[in-house]
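Listed in Swiss-Prot for this protein:
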- 121, 125, 126, 127, 355, 356, 357: (6S)-5,6,7,8-tetrahydrofolate binding site (BINDING)
- 229: site 'Plays an important role in substrate specificity' (SITE)
- 230: N6-(pyridoxal phosphate)lysine (MOD_RES)
């Protein structure tokens, strides 16, 4: 059976109600989660296409199934657009997620038990950069590096010192909650000084890299992994890039048959759409506005007594705030703001003292609100509303005012 919208609603009203509720939530909430964005109708159309019916194990021209002529075209379009977008010689667009892209990259680069340097979770790293609860920390011997305790910036001299002490086979650069520029050339120097490979996870900053708003890691890294959503504004998925032909072959084998079976060609089609959108000059304008909006919010937060900008501000699409001095932890701040139609997430900060389920801070991103049409004026208003709620977290009258203002703002910028 093929359902249209009305048939779907009548066939499965419970599921339809949940989807509709999420649509309303997205319409009414100011979305500040840094890893989220709002995709185009074209991206959604591609992901919801008949390609979801097709199995296509293998790669274009080398499939284990017949009838793959059309999906070969789809996947090749995604590959060629990704290569053009990031200046890469090779691209694998099959990873189902950023985590699976990282898993395959590790498989291609190192062996189980090898020593790896990765950014500490509290400093802004990702679970797949060596967290003990993650496959990465269980499979490989990860040694963490952090940030300077005073500046909260990456300390490249300290990273070099750690690298010389532990002699890693691989160094992982990139983060999920680091608000400043990353110097990939320095990471390359450090890796070369100890004979290590360099892998860059640019999941959060891919959209910035694509437009030149952040240095491109491709000239320096052996392998680059990324997600295709976040600032790239595509479907949820992953990708691996390299300029090394031998590594490209290992990466392809690590994805299939190493860690995945059939690729999700409907998602790959949506990736191809997103890459084409990102190649358009309008996307550069969008990313420029994302950065302007982030900095506008940072300026407002800097005025609020009791709030502290981690690392002193932002060079990219996100910023981190310490909220604990306001008498509220990160989890409480997240829940409080959700109640007034503002969505963000709790976030650990450098030298964190609370558990990951509480945290001392929150993370804020501007990608989604910028996709919605917000500019600096609205971004400043958003920061003011967040601050008003956090400062007055026990004042129901003030919170009601914030809730009303947030709803009014989202009404002005419908999805």
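Positions of Cβ are set from backbone N, Cα and C atoms, glycine also.
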Task: With a 10 Å radius around each C-beta, find which of these recorded positions (126, 229, 230) has the fewest other C-beta atoms nearby.
output: 126
Field: Largest separation between Cα atoms (Å) of residues that the record links to (6S)-5,6,7,8-tetrahydrofolate, namely 121, 125, 126, 127, 355, 356, 357
entry: 16
Message: I'd like the number of other C-beta atoms within 10 A of the C-beta of residue 355 ((6S)-5,6,7,8-tetrahydrofolate binding site), please.
response: 10
Task: Could you tell me which of these binding-site residues, 121, 127, has the greatest number of Cβ atoms within 10 Å of its own Cβ?
output: 121
Set of same-chain residues at least 6 away whose C-beta sits under 8 angstroms from residue 356 ((6S)-5,6,7,8-tetrahydrofolate binding site): 121, 348
Query: Cα distance, residue 230 (N6-(pyridoxal phosphate)lysine) to residue 357 ((6S)-5,6,7,8-tetrahydrofolate binding site), nearest Å?
result: 23
Message: Name the residue among the binding-site residues 125, 357 whose Cβ has the smallest number of other Cβ atoms within 10 Å.
response: 357
Statement: DSSP says residue 125 ((6S)-5,6,7,8-tetrahydrofolate binding site), in three-state terms, is coil
